[in-house]
């Protein structure tokens, strides 16, 4: 009997289910799919690079043996992840790629040299993962996302230049590169150039040294869409500012689109020529703020779906509440959690992951009783009232704040927090936390009370140690 790839993999999985622990099977085997079987070679697609490494380094002998037994002959097993064979050195699929050392490429010329490949894969500097479809839009980024999409669809018309600013790790580079990808999908002949300010400066210095300024200017001014990242690093570089000013003018006057990213607005970049500030402000300045709780949860959920990882909602809520400053930190925490589960074989739960994310225990040494005591003190209710089922407004608000701070200051899971408050369901706890998050942004009095409790419990200082 000749087996198809799916049939063979199904038989192998049945055998592995009896040999492996349930956490190992559920984390690494169940999400793995068969991508092909031909000429004695079984190709498996792991859900993420960590799973791929685990399969290759620890589970491959068992998989090969079971596959060979099912086929009645030798079978070679190849494990892939993210459309590429995983090597043992692969650890982080979403790590930022190194800055390209070369000058920005002419995408049309690049495609002519490799006609069989997608434009996304050949344009120097563009990360294939930084596309609009992978960007989670929240209140913090809605305007920037809408402006980026408008620029990608109709460059050189509105919002020229588009200046995207925001703190580290909030998605500026993602949005900027998504513009380039989307533009190439609409118009494969478009000349799209993505460059960091550092690369622009280095190219300029190199061109001066080699007496190649004409080629430098021709290369940058030939772009239909120029994407310039980290423009704040132009501060104090007078000659670079001079050259960029003329490059900007040439493109703008020709109706070409310029998109700029910075960690601050133009007016706050020190030692930046006033005429450049004026040019940057003539279009649209779109600010990206830190994401709120709901957006952080959506980011983790989307990443989990993209990586085909089964994450408990409780763990998603924990990570989203624990890492609040930027998206890169948030995704880094998820990466560490997945790696930890991959290495140890432990299930992806708050209880197993939290100690790894805070190995000193200094960020989470507040007890539930301490939270209840301090909240009742600041909000002028009794601890007994907080733990009761009364719906009096003052008590309900104190109870919600208690749940919120218990999540902030301890490693208790949502069900455990619910148990602390008289057996409340975990969805009730989640709702309470989300309500407090929303109110903190619009209610200064509540924000002050919450901060007072935090100060008494030293929650923030513990996290910084």
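Using N, Cα and C of the backbone, Cβ positions are placed for all residues, glycine too.
Here is what Swiss-Prot says about this protein:
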BINDING   169, 171, 172, 173  ATP binding site
COMPBIAS  107-117  compositional bias 'Low complexity'
REGION    1-81  region 'Domain I, interacts with DnaA modulators'
REGION    125-341  region 'Domain III, AAA+ region'
REGION    342-465  region 'Domain IV, binds dsDNA'
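The region 'Domain IV, binds dsDNA' (342-465): residue composition by secondary structure is 87 helix, 0 strand, 37 coil, according to DSSP.
Mean pLDDT, taken over the region 'Domain III, AAA+ region' (125-341), works out to 90 on the 0 to 100 scale. Counting only same-chain residues at least 6 apart in sequence, those with a Cβ under 8 Å from the Cβ of residue 171 (ATP binding site) are 135, 141, 144, 288, 327. The region 'Domain I, interacts with DnaA modulators' (1-81): residue composition by secondary structure is 46 helix, 17 strand, 18 coil, according to DSSP. Within 10 Å of the Cβ of residue 169 (ATP binding site) there are 18 other Cβ atoms, across all protein chains. For residue 172 (ATP binding site), the same-chain residues lying six or more positions away in sequence with a CB closer than 8 A to its CB are 164, 165, 166, 229, 261, 262, 263, 288.
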